[in-house]
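Participant: Here it is: the structure, laid out below.
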């Protein structure tokens, strides 16, 4: 892999440098500095280290410049460890926040890594430079790879979608979304490039770069569309000014079979004008820059600056040459199949569009009429498009229009002419673009193969915010809004809905990303209408303008949250919409014309009649022009691709685009979407620059963070149970028992066997869900398992092949030995004289016998040659006959074959007809059953209709009763109105009387308001109390007058109050009665509606049944048509059969004549002829039987067909009768429904009137009650004043009686006291009002604090407060009398108390604000803690995974150890066996050596006897002269000696043979010994290698365990850091809780003081105290929660400490184990050295054995030295035995050491296992405790959310109760409207039923006709069959006559043979004849 070694140039932009990620320095720096992210104005977020924490603020030091900054805790975001730097999938980040995501994207972007996974989708940042990551090498790298195997890339997304399409058989789509200039078009091209390579490389070509024609065209379609549809904008040099959806179709095997491109909303206005620094479409610049001189002259081209439509002249694009691009466009067009004529025609149209802009109109002097002074440009245009100049100018300047029935010429103004030219240019370019698109689609869909599935790629114009945003920008942004909503809905809503559907544990998360309000603002049709609907509506009005459209939009949508009117209006046609990507200001100028898109039909008709075929083809559908001018002329389109609209229908651009977009969204919803989020890094189009705030805004808008969060928290991978079992059962092979098992149960068993963590998966109803990465892990394990299985299979195969080769070699070895033995025997025999004599004599013995045999053979040969000649002549004759017969046979076989084929066809036809007949019969039976069911239902419906009629009568009676009750209510209402009028008159009188009081009260209220608004003025008025004493006397007189008036008014008010209370009680009773009646009416209406709905439901069921019946009738018609076709084919087959029969008859007669001619030749031919005649007769019989059976079948078919036709006609008549009954019942039901609807309307109107009157009465009652309460308040105030004045008067008179001398002084005192009293009264009133205001302010504050809890209580307490207020006022009246006596002394105390109260109130308000702020901070900290808890939960899950992985590895380690033990035991057994075999072979060798020695001794004895005999012979020869006499005796002794010599020789030979055999045996033994030694050495070596491999594996596992322990240590350190942070947060929480407790205690003290001081003044403060108590209770609960959290944290700390201790213990144990393993390894090394020494000794032994073999071979040559060599051998064998014994003792000692080492290893393993198990159990227990604590916290949180939800519910119920009465009338209205709509639906259904009945009648007539035709055809077939039978009979009789003549009796006798054989022969005979 490229990652391991040095990365290549292209791989640097794909792979991350792992050394940088795993840097220990960076890790240590991150841990030591406590690095975090803080907000930055320049970079978005900046790295900093925490230095100090001050409560809610933190002092941090910036990493970049070392500057210290104070930041709020809530503004800090966590930083990920360095190992997560440049991570490929941002879902893997431990700390997920905006800063981390931005940092990751920034780091990857600056490293050239532009692709990054973000959960389930991919994020792409535009690099603004070329990167070498799109080559063929990269394509091959990504081909067929899984997503996690390769770094992020657009190729990976494309490959995933392609593989998912092939595997799941689901359509896929790749959606590239983002702002304009983000790189959507480029990524779309790369997707197409990748698919073109991947989908065409399957076709078996060697060179994968060679793509097919279709793939080339698919790649070249994009450049053509870009040339004509892309342009340079401010943001993007190659901006798509149209949207396109590329649908690539694939067949089942994954080949591309075709493609189709759909486009959306071409920005055609760009063709006539462009903004500053922008270009029009590329093709104009390509043409002007790249055209050659000849083409320029042909197309009348000029320079860039001479064209008006090129607003900015020539605007170059950096790094792009227009002339080169022009050539590339032409090449692409030629590849797509555009010929040169078509290319030239397209360029002519492009040039004509440019020339249209150069036509200049001027205004005439005296009139507004336009004129064309210079028509040069017009001439050029007409030349290019092939029309007449004069006609063109006339059509532009004075077009003909239709006014009524007359056609007149209308002069155009300059503005109208300019507009007409611009509209023509836009329409021409749009039509050219559409033509090119249709031509491209035609080229891409050449194959006409059916695509199994498709992959769609969406490239649509990105979100645009320009300086001037027009109608095109609205449509583009509306499309992007819909796509973003699709993304949000797919990622967040559908995902969570699937979780809930499948029933897995999931809390629904609302991410708040719903864009529906913005979409509805644009597309909503009504209530209120959206932007597009209002635009369409304005287009209908002739006097409508863009300004009126915007005004109407503001009036309709002014209050919409997403609609704004700009603050600084540049133009009255501007408005703003808040999109998901930001606010966009739209300018609606010329929107009406853009939406209508009108055209001058005079010019279009000219273009339609153009002499240029291409232009005429472009304008051939002139009638289908969108616009108001063509409304009356619109007809169905002549284009095949155009949509067919009704005549006279007006379709606007907005409507068409909305429909197109709706279809696109429906297509996308039906596919599996793969999202690619393109991000623009900066607006300067500079590479290497990334604007942090711009990227952050795009990330927020696109929902990237939310997508990552749901990917992490959710279960994005899911798989169906059956597929999971099928795919991963190999991993848990023995988990599922044999037999049937439910898929879910099987998956549960498999999951248990796989030992997956329960947090990593969820089991639903039909699928199993996994977290990210789990399926990839399972796939890797599956691949490993499959590789192991395949390797085992390969090993078995190789073993089998090796054994087979070995057996073959053994066989070859034995064969070689046999050959060697034979050769050795021959070598021994060839020098033996007797053998030579035998070989010479034996041939001579047979010579005499051979001559006799030769003569006999010659005679036989002569006889045989004669016979052969005769046989040859006979054979020739027979061959001639055979050839003739073979020819005849072939002819007959061909005829028979043709007959059999015909018979088979007719049989198939018969079977088919029988099957169809059976199907028809089954359908008929079903129809009869359904008819019976329909009849039963009809009867039920009639019974229900009767019940309905009865119910209707009951309802009518009830309605009459209700009408009577309504009349009574109206009478009561009239009386109530009269009473109300009287009461109103009385109130008017009272108003007149109390007008003066009200004026004074208003003055006092104004003063109170002034006092409340300005406290400083109140203090100044308190200081100036002395100044007001002079006014006291005048005030006393005025108050006395007022007292009298007030007493009178009070009495009158009391009377009126009593009267009003009586009236009010009466009204309440009446209202209660009315409400009861209304409730009864509602119940009755509800019942009626239920009955109506039931009736409608029944009607719907009847209609559905009728539709089903109609469908079945249609199916029967189809069956009947099929039968008719089968009958026609049967007739044709019959005619064919008749013709063939005639031919057969003629051929039979010819054959018979030929047979008669050949019968006389031989007896064999006569027999053949007799057989053939028998076959002919059998054939005739078979034909007769066939015809009879066929006739019977035809008869049966006719009868059944007629029966079926009769049954169908009966069914049709029954259907007619049922339909008539249904129509009647439907009419009656409709009448009843109409009556019911009328009654419902009357009831609704009556109810509305009653409700209206009831509301009026309630309003009047409320007014009266308020007036009464006001009067009572005024009366109480006046009575207070009266009592005060009386007391004052009494005090003054007492003072006058006491001291008459001091009258003046007393008078002054009285005056001062009076003024003081007046002031104190005013102050009292002001204080009471202030108190009320303060209490109301307190309530408001408490209501704001507890708004979710107390709104219901406030409304209930309002009534109680009124009653309490009356009672408190009465109590205050009595108390004020007492308090006035000592008021002078207490007034100063009251002032002080007032000031103190004010101060305390201010302090309380401040405390409340502080508490609110503290509460907000607590909420923030709680949220932060919750996030940290979530991170801890994620860490816990990771820890659990680590523990489970460790357990798995421990188990694997145990298994490996067990396998090692087994293998070592096997090796020990094998070694024992080998040693036993060696011992056996040694004993055999010793026995052989003994035998050898014995043989040698025998040989020596023989030699000795031989020598003795030779000596005797020599003695005898020498003594011959001496003993010559006795010659006879000597001869005898010679003969005896010779015989003895021969015997001795034979014995010697035998002994030599024995010696040879022993030598051979010894050789074999040595060879076997060598082979065994070699095998033993190889086994030992293999075992050593296996042991070494296992040792390496163990070392590897130890290393892995060490790394895992290191990771665990790091994670523990992270957890410790998190714990410290949590402890700090807890300390902060404790401090906040302490401050809250202190504040609470101070508030309690202050409240107690207030209670002591304000017991007599205000009892309403009790409610405030109760609410405060509740706040304190909640604070106590918070304290408890904080304490519990602190306890939990302490527990966590203890657990962490225990875990750390356990980890240290485990580390120690691990080190001990490592030492023991090292010692065992050293022991093992010594054993290996010992083994090597033994091997060296064995090698020496082998060399010695080889030497012994050489010595043994020398023994065979030198027999004399055999004994010496045997002694040497015996000595060496003795030494070998001693060495073997030494080796055996050494081996035993090694075995003992090995056993001791094994026992030690087992003990160590047991200890390690026990310790590991104890630590794992402790960790699991701690994890369980932590989980319980987390669950407890979750339960508390759920309880809090439940209480909040309950309060919300209460609030909603109160609001619903408030609005219920208001909504009732609206509901009744809606019910009435629903009734009307239901009646309309019923009418529509009636009309549809009538149409269906007409269709049924027509179908019935058609069926009748077809049945008649079928019966006629059946009769004709019957006649034809009869004729055929008669013909067959006649033919058989005619052909049978000559056979009788020729055959005689023999033929007749042979006819008694088996009929079956004759039948078969007959069929063969007919077949051959027919074919001939």
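Just so you know, glycine gets a Cβ as well, placed from its N, Cα and C.
Feature list, courtesy of Swiss-Prot:
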{"type": "BINDING", "residues": "178, 179, 180, 181, 182, 183, 184, 185", "note": "ATP binding site"}
{"type": "COILED", "residues": "844-1934", "note": "coiled coil"}
{"type": "COMPBIAS", "residues": "1771-1788", "note": "compositional bias 'Polar residues'"}
{"type": "COMPBIAS", "residues": "1867-1876", "note": "compositional bias 'Basic and acidic residues'"}
{"type": "DOMAIN", "residues": "85-783", "note": "domain 'Myosin motor'"}
{"type": "MOD_RES", "residues": "8", "note": "phosphoserine"}
{"type": "MOD_RES", "residues": "23", "note": "phosphoserine"}
{"type": "MOD_RES", "residues": "40", "note": "phosphoserine"}
{"type": "MOD_RES", "residues": "129", "note": "N6,N6,N6-trimethyllysine"}
{"type": "MOD_RES", "residues": "1684", "note": "phosphoserine"}
{"type": "MOD_RES", "residues": "1722", "note": "phosphoserine"}
{"type": "MOD_RES", "residues": "1954", "note": "phosphoserine"}
{"type": "MOD_RES", "residues": "1971", "note": "phosphoserine"}
{"type": "REGION", "residues": "661-683", "note": "region 'Actin-binding'"}
{"type": "REGION", "residues": "762-776", "note": "region 'Actin-binding'"}
{"type": "REGION", "residues": "1771-1797", "note": "region 'Disordered'"}
{"type": "REGION", "residues": "1867-1972", "note": "region 'Disordered'"}
{"type": "REGION", "residues": "1935-1972", "note": "region 'C-terminal'"}
Participant: Taking Cα atoms as reference points, which of the modified residues 8, 40, 129 is nearest to residue 182 (ATP binding site)?
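Facilitator: Nearest candidate: 129.
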Participant: For residue 181 (ATP binding site), which residues in the same chain are close in space, meaning a Cβ under 8 Å from its Cβ, but six or more apart along the sequence?
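Facilitator: 126, 233, 235, 236, 239, 462, 680, 685 - these are the non-local Cβ neighbours of residue 181 (ATP binding site), listed in sequence order.
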Participant: Reported as an integer number of Å, what is the Cα distance between residue 178 (ATP binding site) and residue 129 (N6,N6,N6-trimethyllysine)?
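Facilitator: The separation of the Cα atoms works out to 18 Å.
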Participant: Roughly how many angstrom lie between the C-alpha atoms of residue 8 (phosphoserine) and residue 185 (ATP binding site)?
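Facilitator: Residue 8 (phosphoserine) and residue 185 (ATP binding site) have their Cα atoms 28 Å apart.
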Participant: Residues other than 178, 179, 180, 181, 182, 183, 184, 185 within 8 Å, Cβ to Cβ centroid, of the ATP site?
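Facilitator: Residues close to the ATP site, other than 178, 179, 180, 181, 182, 183, 184, 185: 126, 176, 236, 462, 678, 680.
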Participant: Under 8 Å Cβ to Cβ from residue 184 (ATP binding site), same chain, six or more residues apart: give me those in sequence order, or none if nothing qualifies.
Facilitator: 176, 177, 178, 240, 459, 460, 462, 678
Participant: Taking every protein chain shown into account, which of the recorded positions 40, 185 has the largest tally of Cβ atoms within 10 Å of its Cβ?
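Facilitator: Per the Cβ count within 10 Å, the most buried is 185.
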Participant: Are there any residues in the same chain, six or more apart in sequence, whose C-beta is under 8 angstroms from the C-beta of residue 180 (ATP binding site), and if so which?
Facilitator: 233, 235, 236, 239, 461, 462, 463, 464, 680
Participant: Let me know how many other Cβ atoms fall within 10 Å of the Cβ of the residue listed as 'N6,N6,N6-trimethyllysine'.
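Facilitator: Summing over all protein chains shown, the residue listed as 'N6,N6,N6-trimethyllysine' has 11 other Cβ atoms within 10 Å.
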Participant: Determine the minimum-neighbour residue: among 8, 178, 179, 182, 183, listed as recorded positions, which Cβ has the fewest other Cβ atoms within 10 angstroms?
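Facilitator: Counting other Cβ atoms within 10 Å of each of the recorded positions 8, 178, 179, 182, 183, the minimum falls on 8.
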Participant: Can you tell me the CA-to-CA distance separating residue 179 (ATP binding site) and residue 40 (phosphoserine), as a whole number of Å?
Facilitator: 25
Participant: Counting each residue once, how many in the region 'Actin-binding' (661-683) are helix, strand and coil under DSSP?
Facilitator: 9 helix, 8 strand, 6 coil
Participant: Between residue 40 (phosphoserine) and residue 185 (ATP binding site), what is the CA-CA distance rounded to a whole number of Å?
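Facilitator: Cα of residue 40 (phosphoserine) to Cα of residue 185 (ATP binding site) measures 33 Å after rounding.
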Participant: Averaged over the domain 'Myosin motor' (85-783), what pLDDT does the predicted model reach?
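Facilitator: The answer is 84, the mean pLDDT of the model over that range.
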Participant: Work out how many Å separate residue 185 (ATP binding site) and residue 129 (N6,N6,N6-trimethyllysine) at their Cα atoms, rounded off.
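Facilitator: Per the Cα atoms, residue 185 (ATP binding site) and residue 129 (N6,N6,N6-trimethyllysine) stand 15 Å apart.
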Participant: What whole-number Å value do you get for the CA-CA distance of residue 183 (ATP binding site) and residue 129 (N6,N6,N6-trimethyllysine)?
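Facilitator: It is 11 Å, counting Cα to Cα.
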